[in-house]
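Look at TrEMBL and you will find 173 tagged as active site, acyl-thioester intermediate. Positions annotated as substrate binding site by TrEMBL: 75, 76, 77, 78, 79, 80, 81, 82, 142, 143, 144, 155, 156, 157. Per TrEMBL, the feature domain 'BPL/LPL catalytic' maps to 30-212. Sequence annotations record features per position, and here TrEMBL assigns site 'Lowers pKa of active site Cys' to 139.
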């Protein structure tokens, strides 16, 4: 059966987080198939389960003045920023059925970002400083996942053309002195999330060894809005 892929567009972080939790629960109950969510978020900082609050270099009142939340979540990794112009991909996958270890899954997410970057003419690499991909000593993309009884969620964030200023307000992924970059900066041209993901289905099918089929967002079990 094909893995489903849904392009959500720009969606609030909390809404997509709750959707992921529902998809994981349904996957564990056998009520849903694997699904990959492709999205962008309004400005938000997220802090992983092992993250340190002091890696946020500004006060929460400063964030509030800029209309940006800090959200604590269950994924691995430390603190990161999400905003418009950043490609975020959340694969909700049963790793046991795919016969993938957690390490292999994280490696595949990095490989996906490397291929998307190469498709834009940008050569990126892995780096011993931490998970993700790097270009010219700057970090281009990050990975952070959570796994519950073999079902993975959360995923990757690839900087296409976001505002990079908010990254200076944190130690990205808990790494002091790290500079962030983007595909737009490294390629020297205008790029969009839509353009960067034009070959996404084919790349995912190659990496996962399974067919991937696009679905409408209305086919997903969105949480009810109070």
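Quick reminder: no glycine exception, Cβ is built from N, Cα and C everywhere.
Because TrEMBL annotations are produced automatically, they should be read as predictions rather than curated entries.
Projection of TrEMBL feature records onto the structure.
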residue : record                               : Cβ contacts under 8 Å, 6 or more apart
75      : substrate binding site               : 46, 48, 49, 144, 145, 146, 153, 154
77      : substrate binding site               : 48, 50, 51, 131, 142, 143, 144, 173, 174
79      : substrate binding site               : 45, 46, 47, 48, 51, 52, 55, 56, 170, 171, 172, 173, 174
81      : substrate binding site               : 43, 44, 45, 166, 167, 169, 170, 172
139     : site 'Lowers pKa of active site Cys' : 127, 132, 133, 172, 173, 175, 178, 179, 180, 181
156     : substrate binding site               : 88, 89, 109, 110, 112, 113, 141, 142, 143
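The most densely surrounded of the recorded positions 142, 144, 173, judged by C-beta neighbours within 10 angstroms, is 142. Computed over the domain 'BPL/LPL catalytic' (30-212), the whole-number mean pLDDT of the model equals 94.
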